[in-house]
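Before any comments, here is the structure.
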Amino acid sequence: MPERIAFRMVLNPGQAAEYEKRHDEIWPELSAALREAGVSDYTIWLDPETNHLFATLVRTDDHDMDRLPQTEVNRRWWDFMADTMQYTDRDEPLVVPLRKVFHLE
């Protein structure tokens, strides 16, 4: 059964417009890599008061999301986005998994 997950990221101050612009122009090869990894229904929201990004996505039971960080297109995207958001010391976006507390079908 597909699983919906949620996570939080943090945008750098003053980067909201650029972050949105880059996602409006997301590379087709990145979208394809996400789909091939079993990802669908991926949405990101911004809280402009805190610069927190909140994302949800659906992934298949046999998803391959763990492989994405090793793909060339994903690494290029992360390099491209590094100036817009907080990153870890491993040069990856700082991602905090969120726990579901309620769902209404």
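For all residues, glycine too, the Cβ spot is worked out from N, Cα and C.
Going by TrEMBL, these are the annotated features:
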type	residues	note
ACT_SITE	HIS23	active site, proton donor
BINDING	TYR19, TYR42, TRP77, TRP78	substrate binding site
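Sequence features, as recorded in TrEMBL, placed on the structure.
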residue	record	DSSP (3 states)
TYR19	substrate binding site	helix
TYR42	substrate binding site	strand
TRP77	substrate binding site	helix
Under 8 Å by Cβ from HIS23 (active site, proton donor), same chain, sequence gap 6 or more: ILE44
Maximum Cα-Cα separation (Å), residues TYR19, TYR42, TRP77, TRP78 listed as binding substrate: 17
All-chain count of other Cβ atoms within 10 Å of TRP78 (substrate binding site): 16
Cβ neighbour count within 10 Å of TYR42 (substrate binding site): 14
